[in-house]
2 protein chains.
Amino acid sequence: MQYPEPIARLIASYMNLPGIGQKTATRLAFHTIDMKEEMVNEFAKSLLSVKRDLSFCSICGNITEEDPCEICADKSRDVSTILVVEEPKDVMAMEKMREYRGLYHVLHGVLSPMEGTGPEDIQIPSLLARLHDERIKEVIIATNATTEGEATAMYLSRLIKPAGIKVTRLAHGLSVGSDIEYADEITLLKAVEGRREL
Amino acid sequence: MQYPEPIARLIASYMNLPGIGQKTATRLAFHTIDMKEEMVNEFAKSLLSVKRDLSFCSICGNITEEDPCEICADKSRDVSTILVVEEPKDVMAMEKMREYRGLYHVLHGVLSPMEGTGPEDIQIPSLLARLHDERIKEVIIATNATTEGEATAMYLSRLIKPAGIKVTRLAHGLSVGSDIEYADEITLLKAVEGRREL
């Protein structure tokens, strides 16, 4: 006996999500059957809505309901600084900090020779175009601390520095509240290299 | 900065699923934005479809597209045996075995004095009604091996036996392929109690 067609299709849909295998998908599907009808309708509507109502900001590439996005349109932000991140969710993470008042640029990926991702495949050309604005004084590179993230940071730094714009990278070191004992070697190395006088 | 409204709503919807917290929900929501449009449409459609196209069989309580369900409508099945399970997914699990040819009854829950679930709150009255059929010779109780599952099995057994119907319970013991070393005490106890002569 097969699962009834509607359940089988829902299981398949859940399995398209990252980190969800057959067993979890089946559990979620049966849970969905027991959910209140309004809740399931709301779920379906919100799925369709993220594809229909969201787009990317034509300036910074962030996810937005309106173009340009809230941040690019905000006159109170400091236009002299652009912080470069890999993905839209990194913008949200930075904004949660409530300290940074400059602009953003979302690359939508990182350089990866292994996967054939070159500068033209991610939002590097649009970043370079933005740098023609003479008001820009600093580019802060906040790609992730992975091999590809570091390589992308190096690449951008070499490209942007000759234009006389300051290029900085987020500090790497121990997480606040973490134990030295459990830190990996690379993080410890970065923490020692980046030590500051008290 | 808040997440744009459509993302926030999708995150909330994902968080309604069991075992999915804020972080996973956020990851899934951002993944959804990057998914192909047809895939997301299919996902939304399959969500709506499980609520719209599925119902419970009026005889056995299993999930079905048509009433009565495939199994209750199947003339080749053995009507002398009813296997009682807690949830529709247990029916699917039993059917995967391809050995059992009798009928089912889905309780949609277990007795639980702690949560105030009494016999009238689950499909026990409908089970008793089915037992008036004189062709029924055996009721196999396949509730889970939890405290509530065992209590429900005991309760049903006391109720059904006086009617002269044989009541059996699935065997409990070591899983096939498992190590004695890692089995819990209760499982070992059940395995010893249920030992068979070779």
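The backbone N, Cα and C atoms fix where each Cβ goes, glycine too.
Automated prediction, rather than curation, is the source of TrEMBL annotations.
So that you can see what the record holds, here are the features copied from TrEMBL:
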- A:57-72: zinc finger (ZN_FING)
- A:80-175: domain 'Toprim' (DOMAIN)
Worksheet, complete the sentence: Helix, strand and coil residue totals from DSSP for the domain 'Toprim' (A:80-175) stand at 39 helix, 21 strand, 36 coil
Discussion item. Return the average pLDDT for the zinc finger (A:57-72) as a whole number.
Written reply: 93
Practice prompt. Please list, for the zinc finger (A:57-72), how many residues fall into helix, strand and coil according to DSSP.
Written response: 3 helix, 2 strand, 11 coil
